[in-house]
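All remarks here apply to the structure that follows.
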Amino acid sequence: MTEERLSTAGEDLLTIAGLTKAYPGVVANDQVSFAIRPGEVHALLGENGAGKSTLVKMIYGLVKPDAGTMTFKGMPYAPSEPRAARATGVAMVFQHFSLFEALDVAENIALGMENPPKMRDLAARIREVSQNYGLPLDPDQLVGDLSAGERQRVEIIRCLLQNPKLLIMDEPTSVLTPQEVAILFQTLEKLRGEGCSILYISHKLEEIRALCDHATVLRLGKVVGTCNPRQETARAMAEMMVGEVLHVPLKAPRVPQEVALEIEALDVPARTAFGTSLKDINMAVQMGEILGIGGVAGNGQDELCSVISGEILVGASQVRLLGNAVGDKGPNARRALGMLAAPEERLGHAAAPDMSLTENALLSGAVREGLETRGMIDWGRTREFAKKIIQEFDVRTPSANTAARALSGGNLQKFVIGREILQNPSVLVVNQPTWGVDASAAAAIRQALLDLASAGAAIVVISQDLDELMEISDRFAALNEGRLSQPVEASGLTVDQIGLMMGGAHDLDPVPASSEALA
Amino acid sequence: MIVLEKRPQPSKLWTAITPVFAVVATMIAGGIMFALLGKDPFEAIRTIFWDPLFNEQFAAFSRPQLLVKAAPLILIATGLAMGFRAGVWNIGAEGQYIIGALSGAAVGLAFYPTESFFIFPLMVIAGALGGFLWAMIPGLLKVKFHTNEILVSLLLVYVAEFILASMALGALRNPEGNGFPGSRNFKDYPSAFNAELLPNTGLHWGVVAAIIAVIFAYVLFSKHMMGFHIRLAGQAPKAARFGGVDPARLILFCLGTSGALAGLAGLFEVSGPAGQVSIDFNVGYGFTAIIVAFLGRLNPFGILLAGLLMALTYIGGELASFMLGVPTAAIQAFQGMLLFFLLAVDVLTNYRIRFGKRKVA
């Protein structure tokens, strides 16, 4: 029986045995077993869809397993809801924050507590904990004014106030600058020193190699291996995740060419209360060149993408395409000239959720693919175009008539990127091209972007994945609070330089923070 | 526990079935209401749905009335559906209907007593233009100043009603009417009269216009970029912007078209079945058309059927209050139930019901 097997693992903090969870049509977790020791940083590795999120949701009491058992400190553990998990000593920091922008830090933290203390006492506690762990935070500040990194600190401190034995972190560094990552790691090291275990979910392999003691690798819901990340190469772990040998995109050498896209002295005020205004943006992208733009989300990426796509109109000469002033032209006029875009938000922006893939092919393809004549739609050609995208970009879908929202995120992403690439643009801007796409599909998308560039297109890739930008960019620039840094040659850039371009860590740098905490 | 689970895509079957469901539920709930009022529910339902069409005594009068009442509803609802699909909420079709009727009638009366073939077409154009311009008021205010078109168009209904009263008592009053309110009767002015095209069928030019509007709207929605953009803007405004849709142009198109169609409906009504501009010649078609548009699932052919059904409840309702003494308010409540149940069962197109323990996703 499983019970007997569990009893041998008495010294483990959390033991998981045979956890299984099936959803209609997919087994998210299949007989998953592993153990987390006290004071260990345990990595959970796997591609999107490997079942990492389902697994931690079961540990946190958000999802009930179909089969299998968990043991926490030798006691049977089966949380019925997150409150029970928190009472046992399990806390979790989610990838997507659940914070109210219009409330201040202390109010946000009080909202998540069972019996919040008086606000003044709570504020004092927050100051104390944030000092102790080197995560400076002002309890009276509005969350709407905080950077992504600072918001994450709110979530972490919310967890730390419960004195957890096990802290689950889901992709914590995806929103951080390299300097902020360094601060976070110091905090996690300190927690580990105090005996708190950490279950760390990420697909950033170098981070896991630097931080974690032990790694469990999931693929298609099953545990496919365990390793000591400090002894493995990132490549070996990636191949364990993917189950195949990874294809690294090839970059052809490039000679300087004519400038295709030029943006000059661009200022765009913020459109909403928590939007970002663009300040004095200047850039020029040559034909055949890929300009990578990094930065933490919410620093003007969406706005910049909209300025290039034509959704935000500016002065005519502020955006130039092959010398033509197009700043005051709308999206379809720009498409006719060869300037295309793939926005970040797949459902609702790049694609209409309730419309079929065929209709979504028409959405941006009408002009260049000749899918309409004098307003009348040629549905036959539109369907052909949709099928071509589905085939050439390996979009997994029952048919072209399937609603966009029924596709998985990665498949829809392939469709959205494929739709623009197949229209053969002379300028293309893509925002987060491989967000949520599995490693082999991501490699295919990057390769398609590189091929497009070597065929002469000017490409702007906006991404938060620095490894991706370093892999495909010719030049690199960073967006920070709506300002674009001077683009520099991508080859030879160090992580520190990139971090500084991204604005470093907000209001502090790693070393004084920790010394302050010790004082 | 009963749990609603979102369907991966909207169910085509349920989209078609829900109106039938709503009609049946309305019959049941309405029957209960009639029973509580002390009327025989089966007789009441039969009087409303069956007698107007098949009762030997009433059908000769009621059947032509069906087209007469359905035409304005279908004409207005088809226009409204364009806006509703795009998320542009024109609630003031009643006002556009009145202004269209007044404009068209004024043009016709201005030519009195000249007889010529061009007078009626001119009235049609004036009617459409009047409704169009009245709808442009909320349209331009929304585009320029971001006002709420629901409020503006609704409030303009009351303004239109006052203009109507003033016209019926003043400028358009019949000079030979011995001081009674109301304009000349178009029945006595052949060039301007919207006569029955075939005797005793109820078929007049408004019916023809309604059928043309339905076909036009069908082609627009299924084959034309404008219809695609309307659907896109309603479902995903950000995606519409990305697709190159100009929101201002779309708002003006939707309000303008629905206003023009409502104006046409008003003109055909005032110059035909109503016969004259009187203080209360309008009977709320502009508001009922909102129900018709939703009952027809914002689909042109659905609206055609829904308009006929709604006209039937009107005629049957009158019959029921006349024959059985059912209060008029109860008939209106009955019509309201139809919209209520339709919106309630609508949830089934996007969600399915599961019985059993809630699963946490």
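The backbone N, Cα and C atoms fix where each Cβ goes, glycine too.
These features come from TrEMBL:
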- B:12-37: transmembrane segment (TRANSMEM)
- B:70-88: transmembrane segment (TRANSMEM)
- B:95-112: transmembrane segment (TRANSMEM)
- B:118-138: transmembrane segment (TRANSMEM)
- B:150-172: transmembrane segment (TRANSMEM)
- B:203-221: transmembrane segment (TRANSMEM)
- B:250-268: transmembrane segment (TRANSMEM)
- B:274-296: transmembrane segment (TRANSMEM)
- B:303-324: transmembrane segment (TRANSMEM)
- B:330-349: transmembrane segment (TRANSMEM)
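Same-chain residues lying 6 or more positions outside the transmembrane segment (B:150-172) and placing a CB less than 8 Å from one of its CB atoms are 89-96, 98-99, 102, 105-106, 109, 134-135, 137-138, 141-142, 181-183, 255, 277-279, 281-282, 286.
Using a cut-off of 8 Å between Cβ atoms, the transmembrane segment (B:203-221) and the transmembrane segment (B:274-296) share fewer than three residue pairs, counting only pairs 6 or more apart in sequence. Annotation: stretch B:250-268 has the most Cβ pairs under 8 Å to the transmembrane segment (B:118-138), among B:12-37, B:70-88, B:250-268, B:274-296, B:303-324. Listed by sequence, the residues of this chain that lie at least six past the ends of the transmembrane segment (B:70-88) yet keep a Cβ under 8 A from its Cβ atoms are 97, 149, 204, 206-207, 209-210, 213-214, 217, 220-221, 229-231, 233-234, 237, 250-251, 253-255, 257-262, 264-266, 268-269, 285-286, 288-290, 292-294, 296, 298-300, 303-304, 306-308, 310-311. Packing against the transmembrane segment (B:303-324) from elsewhere in the chain are residues 19, 23, 39-40, 43-44, 47-53, 58, 62, 65-67, 69-71, 73-74, 77-78, 81, 210-211, 214, 288, 291-293, 295-296, 331, 334-335, 338: each is 6 or more residues past its ends and has a CB under 8 Å from a CB in it.
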